[in-house]
Amino acid sequence: MTTRKRTDFWDIPSDEEDNDVGYDSEAAQESKGRSSVSKSTTAPSRLRRPSKRRKLSITEHGGGSDNGSGSESEDEGIDTESDEPEQEEQIEEGEQEDEEAESPIEPTSKSTPAATATTTTSSTDIDTTTSTASNPKLKPKKNKTGVIYFSSLPPYLKPFALKSLLIARGFGPITKIFLTPSVQSSSAGKRSNKRRMYSDGWVEFASKRTAKICAETLNATIVGGKKGGWYHDDVWNMKYLRGFKWADLMEQVQRERKETEARRRVEDAKARKEEKVFLAGVEKGKVFEGIRKKREEKEKKLRAGGEGDMGDGGKVSLDKPRRVFRQNEVRDREKDGVRKERKVDEDVQRVLAKIF
């Protein structure tokens, strides 16, 4: 008997909560396990389906067996009597070994539902052990997950709300969610709203087929849901990333983070260098300003005392000193108008005479 499912698929968790937690697969599995255990324990005994039983030719033993209050000795007697006709049939059919292995597991008509449950569980355990023993080395499962990229997200949408919206439409299970927080501009200033916004994100599904169907179905459609919902009129912008895995995403994120950090370090070093040059210029300017003030004070003192060298116009010659660059004289071959002729050796003249 199946339990009744909830029909309110469009319920969205409130975004007013302060705790912004992402998806945790372990916590989700634990919560599912607890819920299944609680349902199994709270289910009434009349809803449990009884196990199949084999009809056996057993003689009735009094009316005490109807109320189910017989003793253990009576049950044992019934079991022995029920096994006798079975053994006779086994001998006639020639399958004694197989039936003997099954006879201690078969429940009698007087057995309780708890006993039948234990026998079924033991049989399943035997099957699982034999299957694992036959295949000791199982091949590892391939990574068949699919990733969808969201180029834009509705404002103030939390990861848990995004997961609930996708699962409510039948696209699951979702294993991982990663959303990039949007960077606020400096011109916006400080705002009282503490809710976070996300610019883009990635969602990993347990199946590639589910991810493809989700991207093809929901792309360029409105979020929908309740008429007065916060995200009713927003549009989905998603794309299935073929051949893209979650490890590639983490590698890309780390690479971009390293690039931004390296760029920031270069900018900081450049800013520090410019700051040093500026401070050196300021200090040098202060030194020159102090020298100029001292010279002005000295000029005032000389004017007041009437001392100092006086130049043209009666001004005190305390200006900047005139620098003279001394030039080296160029040596000339001619001296006193007489040009010195260079003498040529006799050997050289003889060789030149033979050539020319």
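Cβ atoms here come from the backbone N, Cα and C positions, even for glycine.
Since we're looking at a predicted model, the values are computed, not measured.
Of the given residue ranges 172-192, 193-213, 298-318, Swiss-Prot assigns the label region 'Disordered' to 298-318. Computed over the domain 'RRM' (146-235), the whole-number mean pLDDT of the model equals 87. Helix, strand and coil counts under DSSP for the domain 'RRM' (146-235) come to 24 helix, 25 strand, 41 coil.
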